[in-house]
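Asks: Quick paste from TrEMBL:
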COMPBIAS  A:427-437  compositional bias 'Basic and acidic residues'
REGION    A:422-446  region 'Disordered'
TRANSMEM  A:12-32  transmembrane segment
TRANSMEM  A:52-72  transmembrane segment
TRANSMEM  A:79-98  transmembrane segment
TRANSMEM  A:104-127  transmembrane segment
TRANSMEM  A:139-161  transmembrane segment
TRANSMEM  A:173-196  transmembrane segment
TRANSMEM  A:228-246  transmembrane segment
TRANSMEM  A:266-287  transmembrane segment
TRANSMEM  A:299-318  transmembrane segment
TRANSMEM  A:324-347  transmembrane segment
TRANSMEM  A:359-382  transmembrane segment
TRANSMEM  A:394-417  transmembrane segment
Amino acid sequence: MSPPVAPPGWSRWLVPPAALSVHLSIGQAYAWSVFKPPLESALGLSGTQSALPFQLGIVMLGLSAAFGGTLVERNGPRWAMTVALVCFSSGFLLSALGAAVEQYWLIVLGYGFVGGIGLGIGYISPVSTLIKWFPDRPGMATGIAIMGFGGGALIASPWSAQMLESFGTDSSGIALAFLVHGLAYAVFMLLGVLLVRVPRPKERADGTAAPLEGVQVSARDALRTPQFWLLWVVLCMNVTAGIGILEKAAPMITDFFADTSTPVSVTAAAGFVALLSAANMAGRIGWSSTSDLIGRKNIYRVYLGVGALMYALIALFGDSSKPLFVLCALVVLSFYGGGFATIPAYLKDLFGTYQVGAIHGRLLTAWSTAGVLGPLIVNWIADRQEEAGRHGSALYGTSFVIMIGLLVVGFVANELVRPVHPRHHRPTPEAPKEAADVPRQQPESA
Amino acid sequence: MSHDSSPSPPEVPDRRPLIAFTWLWVGAPLAYGLYELVRKATQLFTG
């Protein structure tokens, strides 16, 4: 399948909605928890079992993004969005069948395995295309799409809950809800498939396609550079720090102010979690767009350096001031979202646009690692502190010190990022391989 | 009196209606999600 090339006069402002239609759909994954209690009661599942479709989905997201990236680059965004649509939608349809016949394994296979492939391919599908359409504002462009992934859960969470309320929470009600999800998301994502176009390649005077300008590194070669692994560390540390708060946000704010004159109710804690989601989303578009102005390296200095400072403020003074606690947590979560959204533009600065989508896909393994690391640290330490008889904010003190340490590690990794050595650059017709020792354009942010 | 014999450039269709429709397509559900989010978030101050 050849990538769909934009006709003359095609507006680049049609590409972000195409990307958003995919990301707003697949972002539903983070609203899976809505289905957990009904599934547990209808199919007699444990909490661990009802979480499995989501967990497998996230594992498949990481794997398909890492291993499918090169295919996405080769076949183009329309192919990728079609694969994402078919997998994500049929995942729901298989799950509907599973719920209807009360076969749990079909839900795991459908939502987790098949749907998870849709998540991974869908996540990376518009990245490279957006960067090519918005070379002047790559941070803003990818920020819009990746903000959509955060927004997807905001839409799906109340929508799915209302649907279950209408259809019922027995197995046939869940089956019907899955069916409607599968069909509605297929229609919604179809806009992206029909709309997405790649920009027309620049042409030379003889009519042949001009080579890409600036540094270009293949996905295969990118893995051999220290820059890729430094950014892997940067992303992993930033995400771990964000998840550290996100994972236990509701119990954390309750514990912090349990022994004060203004304890936090369960309802207020739910409001705090919602506010964190808003900060996460706002950070994706806001900070990523800011990176176009101040540079990628500088924005990660802010995410990691100021993030560590925010953690230190929570650890030292968090339990004495609720506004301070909330403000610091919101800033950390906005950096968490910003870190996700800015990384494609950072990769573009370092490796060029040639296979940036595939490189981004491989880098997302850092997200999978952080997804395990962050909750593990916070939960394990909180459990040990509780066993030792501690309570309130004392449950989290050690976790916060560890998070500060991880952010410092990320900060140092970001400082070590330098332009990619010319030996990794892809040779162009103007610069044949034997001449590739000559340094070319240096990335502006590195 | 001479006539300009060069072909006129192909007319580019107006994309603004399509742009408006596509942004509405993705903007409407997002606005619904944000509305629900704001409703829940206010519980922090009122709950």
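All residue numbers here begin at 1 and follow the chain in the order shown.
Note that Cβ sites are derived from N, Cα and C of the backbone, with glycine treated the same way.
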Asks: Considering only Cβ pairs under 8 Å, which range in A:228-246, A:266-287, A:359-382 makes the most contacts with the transmembrane segment (A:324-347)?
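Replies: Highest pair count goes to A:266-287.
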Asks: With the transmembrane segment (A:299-318) as the reference, find which of A:12-32, A:139-161, A:228-246, A:266-287, A:359-382 contributes the most Cβ pairs under 8 Å.
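Replies: Per the Cβ count, the answer is A:228-246.
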Asks: In the same chain, which residue numbers or ranges, 6 or more beyond the ends of the transmembrane segment (A:12-32), come under 8 angstroms Cβ to Cβ?
Replies: 51, 53-54, 57-58, 61, 77, 81, 84-85, 88, 111, 115, 118-119, 122-123, 125-126, 129-130, 133-134, 141, 144-153, 155-157, 160, 181, 185, 188-192, 195-197, 199
Asks: What stretch, picked from A:266-287, A:359-382, A:394-417, has the most CB pairs under 8 A with the transmembrane segment (A:139-161)?
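Replies: The stretch with the most close Cβ contacts to the transmembrane segment (A:139-161) is A:266-287.
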Asks: Go through the chain and flag residues at least 6 beyond the ends of the transmembrane segment (A:228-246) whose CB is under 8 A from any CB in it; none is fine as an answer.
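Replies: 222, 252, 276, 280, 300, 303-304, 307, 311, 329, 332-333, 335-337, 339-340, 343, 346-347, 350-351, 359, 362-363, 365-367, 369-371, 373-375, 377-378, 399-400, 403, 406-407, 409-410, 413-414, 416-417.
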Asks: Taking a Cβ cut-off under 8 Å, which residues six or more beyond the ends of the transmembrane segment (A:359-382) line up next to it in the same chain?
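Replies: Residues packing against the transmembrane segment (A:359-382) from afar: 58-59, 61-62, 65-69, 72, 120, 123-124, 127-128, 217, 219, 222-223, 228, 231-233, 235-237, 239-244, 246-248, 340, 343-344, 347, 351, 395-396, 398-399, 402-403.
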